[in-house]
Structure formats: C-alpha cells, structure tokens
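All remarks here apply to the structure that follows.
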Amino acid sequence: MFESIDEAITQLKAGGMILVVDDEDRENEGDFLALAETASPETINFMATHGRGLICVPLTEEQAERLQLGQMVSHSTDPHGTAFTVSVDHSHTTTGISAFERAETVRALADANAQPSDFKRPGHVFPLVAKNGGVLRRAGHTEAAVDFAKLCGAKPAGVICEVMNEDGSMARVPELRIIADQHNLPLVTIKDLIAYRRKTEKVVTREVAISLPTEYGDFKAVGYTNTIDGKESVALVKGDVGNGEPVLVRVHSECLTGDVFGSKRCDCGPQLHAALKQIEAEGRGVLLYMKQEGRGIGLINKFRAYKLQEEGYDTVEANERLGFPADLREYGIGAQILRDLGIRDMRLLTNNPRKIAGLEGYDLNIVERVPLQMEAVAENERYLHTKREKLGHMLNL
C-alpha cells in the first residue's frame with residue numbers, strides 16, 4: 001500500500017515529488033510534497049492542477065523568525081495547531097500568483113541568505129512554521145516537509161499542497177493510491193516517517209534514576225530531559241517493565257492545581273492517585289509524568305481559562321477564546337521515554353481516544369484501554385461532560 005521512506009528520500013533528492021498521508025484519526029489527508037529549493041513552475045502547476053488545495057511552504061522556526069514572518073493571527077483556533085504566518089510574494093514578482101512567480105517565492109523562502117525585505121506582505125504563498133523536533137513532536141504535514149528536507153541534506157523547507165478529488169472532497173488513501181500510481185509518486189505515511197526517525201535519532205536522555213518510596217509503595221523514579229524543548233519528565237516505574245509482556249501505563253499531564261492543591265475543578269488529582277494505586281496493586285507498571293500543564297497551555301493560561309469558565313464558558317470554549325486548541329498536548333516525547341524503558345506493548349490507563357492515537361502513531365502497541373474514571377463531584381461535573389461531548393473522552397456519566 002505504501003512506499004518506504006528511503007524511496008521517498010530518493011525521489012525528493014532527484015527533484016521529484018511525493019505524496020504524504022497523516023493518521024486517519026488526525027486530518028486523514030494527503031499532501032503533495034516537494035523540496036522548496038527545487039520548486040519549479042512545473043511543481044507549482046502540478047500541485048495546483050492535481051492537488052487543488054492551498055500551496056504552503058513549511059519552514060523552520062529559525063528561518064521564519066529571521067525573515068520576520070509574523071503569525072497570520074494572534075489567536076489561532078485551529079484544532080491541529082497549524083502555524084500559518086502572514087502570506088508573502090517575492091519582491092521581484094508582479095501579481096505573484098502565476099506558477100512561475102510562486103515558484104520563485106517558494107525558493108526564496110528556503111534561501112538562508114534571504115532577507116525580510118525580499119518579500120511583500122500579504123501575498124500568494126503561505127509559509128507554515130514547523131515545530132522544532134519535527135514529526136517526533138507534532139505528527140503533521142508541516143513537520144514532515146521540513147524533516148524530509150533535512151533527511152535529503154537540503155535546505156530545511158518544503159512546499160506542500162492538500163489533495164482533493166475532482167468533486168472537491170478530500171482524497172483519502174484509496175484515491176491517493178490511484179493518484180500516486182498515475183503519476184509515479186511514492187506514497188508514504190507520517191507514521192512511517194516517525195518510525196524512520198525513531199530508528200535513527202533519539203531526542204530524550206535518561207539523566208538519573210532513584211528509589212522513591214511513596215504512600216502507595218516503592219517506585220523507581222527515572223528523570224528525563226529532551227533536546228526539543230528542554231523540558232523534564234519523570235517516569236515512576238514499578239517492577240520489571242522491559243520483559244516483553246504488556247505493561248500497565250498511565251501518561252499523566254502535570255496539573256498543579258489538581259495533583260498538589262486538590263482542586264475539585266478537574267479529576268486530575270484523583271486520576272493520578274488512582275493510577276499509582278492500580279500500578280502498585282499489579283506490582284508492575286509505569287506512570288509517566290509529563291510537563292503539559294493545562295492540556296499544554298501552561299499554568300497561567302490555565303488560570304485564564306478558569307476565569308473564562310467562571311464567566312460561563314466550558315473548558316473547550318475557554319481554550320479557544322484564549323487562542324489555543326482544545327488540546328495542545330503531543331505525545332512524541334512520552335513515546336520515546338516509554339521505548340527507552342523497554343516498553344513496546346501496553347495496557348493504557350486512559351479515557352482519552354486522542355492519547356491512544358497519539359501514542360500508537362509513535363509505533364507503540366496498545367493492547368488494551370483500561371478505563372480510569374473518577375466519580376464526578378458538583379464542581380467538575382460540567383467539565384467532565386464537556387470532555388465527553390466535545391473531546392470524545394470515554395466516560396460514563
């Protein structure tokens with residue numbers, strides 16, 4: 001069904017194009033992808049004719065900052081966190097819309113010697129800012145384009161375009177397979193790109209391991225750092241988790257208010273303690289504690305979201321009012337930590353389908369979902385209903 005990442009790299013190095021599809025639980029879309037530095041009028045015309053989507057140029061954060069490409073909007077509500085900047089045309093262009101002029105703009109955006117003054121704003125080409133760490137941090141087409149460019153030894157920028165069917169609907173894998181065969185293009189998945197990078201790169205470092213006696217039992221606490229954002233994470237390990245048998249795992253996002261202060265606004269604290277109790281009872285398991293306060297928006301922004309909830313907004317609406325997706329968490333770092341601990345198959349303590357998809361996208365096998373439902377109280381009943389209705393959490397309320 002899909003070609004290998006090596007085949008895709010070979011095609012791109014030769015100046016060609018590939019088709020890249022993401023996870024069916026994410027956008028479930030395919031994009032044409034080429035290197036920005038080799039973009040030609042023919043590249044742009046092909047994408048516009050056969051892709052029919054928006055032609056964008058994924059860049060590194062450093063290049064976008066150097067070219068002074070500000071965010072398209074100050075508060076994005078895109079649930080996938082796509083980081084559009086202001087659109088541009090190269091200063092040498094006329095209208096900027098022709099395939100020839102868009103190709104010139106695309107190549108210039110990849111040029112390490114380009115200057116902010118080389119571009120007119122707004123324009124007809126849409127830069128996107130890739131997350132540092134690429135698909136190991138965010139499993140999107142933006143990051144895939146920059147990762148492929150780096151793997152090719154090219155300037156770290158790509159050009160992408162979503163693929164639609166002739167009737168205007170989004171092309172899914174069966175249609176993308178036909179298109180790839182018609183035009184002799186490798187069809188690859190972001191999941192395979194993640195696996196490829198995981199085999200050749202490591203972004204987490206095991207720093208130190210200690211014994212940690214707790215009120216629930218004795219654990220080994222393993223401290224990790226990562227090279228993407230420098231954040232620290234902790235794995236509380238019980239027993240031998242690297243023997244190949246499925247391991248009971250809880251990936252828990254930091255919640256100062258719930259975990260430490262006992263806040264009743266959420267169910268985080270009770271979930272944390274229940275997970276530790278369950279792991280201790282089984283005699284084997286891992287609780288991974290991630291620095292993802294407020295579903296990834298940070299402590300102060302979580303307080304701002306709480307303030308909006310006091311004014312009548314629910315937890316999802318509050319995040320969106322602040323310009324954040326409903327859930328900003330990413331699972332690549334956690335997945336690498338679990339693999340470092342020797343875990344491949346797991347029984348995941350979660351109610352969140354997005355967490356399942358996020359970890360499986362990093363080549364981890366979830367053999368069972370173990371529910372972790374806490375009894376609702378008056379203070380968090382609306383919060384839990386919102387998680388079920390708007391975020392798809394599997395809760396019985």
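Including glycine, each Cβ sits where the backbone N, Cα and C put it.
Features of the protein shown, as given by Swiss-Prot:
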- ASP327: active site, proton acceptor (ACT_SITE)
- ARG329: active site, nucleophile (ACT_SITE)
- ARG26, GLU27, ASP31, ARG138, ALA139, GLY140, HIS141, THR142, GLU162: D-ribulose 5-phosphate binding site (BINDING)
- GLU27: Mg(2+) 1 binding site (BINDING)
- GLU27, HIS141: Mg(2+) 2 binding site (BINDING)
- ARG250, VAL251, HIS252, SER253, GLU254, GLN271, GLU293, GLY294, ARG295, THR315, THR350, LYS355: GTP binding site (BINDING)
- CYS255, CYS266, CYS268: Zn(2+) binding site (BINDING)
- 1-199: region 'DHBP synthase' (REGION)
- 200-397: region 'GTP cyclohydrolase II' (REGION)
- HIS124: site 'Essential for DHBP synthase activity' (SITE)
- GLU162: site 'Essential for DHBP synthase activity' (SITE)
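Those residues of the chain, other than CYS255, CYS266, CYS268, with a C-beta within 8 angstroms of the mean position of the Zn(2+) site C-beta atoms are SER253, THR257, GLY258, ASP259, SER263, ARG265, ASP267, GLY269, GLN271, LEU272. When the C-alpha distances from CYS266 (Zn(2+) binding site) to the binding-site residues ASP31, GLU162, ARG295, THR350 are tabulated, the minimum falls on ARG295.
Between the CA atoms of ASP327 (active site, proton acceptor) and CYS255 (Zn(2+) binding site) there is a gap of 14 Å, rounded to the nearest whole number. For the recorded positions HIS124, ALA139, GLU162, CYS268, a Cα-Cα cutoff of 10 angstroms around GLU293 (GTP binding site) retains nothing. Taking the Cα atom of each, CYS268 (Zn(2+) binding site) and the residue listed as 'active site, nucleophile' are about 15 angstrom apart. In this structure, the C-alpha atom of ARG250 (GTP binding site) lies 15 angstrom from that of ARG329 (active site, nucleophile).
ARG250 (GTP binding site) has a Cβ environment of 24 other Cβ atoms inside 10 Å. The two recorded residues the residue listed as 'active site, nucleophile' and ARG295 (GTP binding site) have their Cα atoms spaced 6 Å from each other. With the fewest other Cβ atoms inside 10 Å of its Cβ, the least crowded of the recorded positions HIS124, HIS252, ARG295 in this structure is HIS124. Listed binding-site residues: ALA139, CYS255, CYS266, CYS268; maximum Cβ neighbour count within 10 Å falls on ALA139. According to DSSP, GLU254 (GTP binding site) is assigned to coil rather than to any helix or strand.
For GLU162 (D-ribulose 5-phosphate binding site), the nearest neighbour among the binding-site residues HIS252, GLU254, ARG295, THR350, judged by Cα separation, is ARG295. Counting every protein chain shown, the Cβ of the residue listed as 'active site, proton acceptor' has 23 other Cβ atoms within 10 Å.
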